[in-house]
Amino acid sequence: MSVKIHYQNTHFITSAPDIRHLPEDEGIEIAFAGRSNAGKSSSLNRLTNQKNLAKTSKTPGRTQLINLFKVADGCHIVDLPGYGFAQVPLEMKLKWQRALGEYLQKRQSLKGLVVLMDIRHPMKDLDQQLIIWAVECGIPVQVMLTKADKLKSGARKAQVLKVREEAKTFGGDVAVDAFSSLSGIGVDTLRAKLDEWYAPMLAALAEQEEGEQPESSTDQ
């Protein structure tokens with residue numbers, strides 16, 4: 001028996017100002033991170049087929065909290081604060097960067113990081129710093145180049161290949177694919193990656209379900 005994830009059932013659990021206020025460090029968490037204009041909220045909404053799971057904002061940098069969502073038993077998505085915005089004081093930027101670093105380095109249940117970047121402006125300094133932190137911590141990374149519908153097919157493929165070459169310089173496990181919350185490009189790829197990262201928890205759930213099945217009687 002296998003347990004399949006129904007991403008449309010994902011729901012919000014809680015918000016926290018920092019790692020110390022998150023629920024217990026258990027199960028499997030997949031973190032989503034990106035610059036404030038990378039389309040992170042729209043990507044989460046498309047992934048889960050929900051219009052308002054993650055609140056989209058016209059104001060970059062609005063998401064100041066760590067938001068936790070339940071995908072399935074023991075499986076969570078963590079929406080990390082956006083970074084790289086211009087309209088926020090330096091002190092707050094530095095505070096958020098420290099919080100991101102602390103989360104990546106200390107959260108034991110973190111098993112994968114999705115970094116969202118605008119396909120037209122990828123691999124900015126903070127994007128690279130985030131990937132470096134993840135690689136140093138042994139965390140696999142899936143880069144999704146968002147707003148892929150903004151480029152024609154040939155340009156899109158060329159940009160993906162270019163960023164993949166850049167990603168090789170980090171070492172570690174860093175994959176790169178195109179994504180569009182508007183057209184659906186890359187949605188199946190992202191779900192497949194999350195399925196892979198959640199697999200150990202799903203296997204444990206399936207085993208637990210089998211253990212709870214009543215034994216069939218062989219008595220005549």
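Residue numbering: from 1, along the chain as shown.
Glycine too: its Cβ is placed from the backbone N, Cα and C atoms.
As given in Swiss-Prot:
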DOMAIN    26-200  domain 'EngB-type G'
BINDING   34-41, 61-65, 79-82, 146-149, 179-181  GTP binding site
BINDING   S41, T63  Mg(2+) binding site
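L65 (GTP binding site) carries neither a helix nor a strand DSSP state and counts as coil. N37 (GTP binding site) has a Cβ environment of 16 other Cβ atoms inside 10 Å. Within the model, the domain 'EngB-type G' (26-200) shows a mean pLDDT value of 90, rounded to a whole number. Each of the binding-site residues K40, K147 was scored by the number of other CB atoms within 10 Å of its CB, and the largest score is that of K40. Taking the Cα atom of each, G34 (GTP binding site) and S41 (Mg(2+) binding site) are about 10 angstrom apart. In this structure the C-alpha atoms belonging to P81 (GTP binding site) and S41 (Mg(2+) binding site) are separated by 11 Å.
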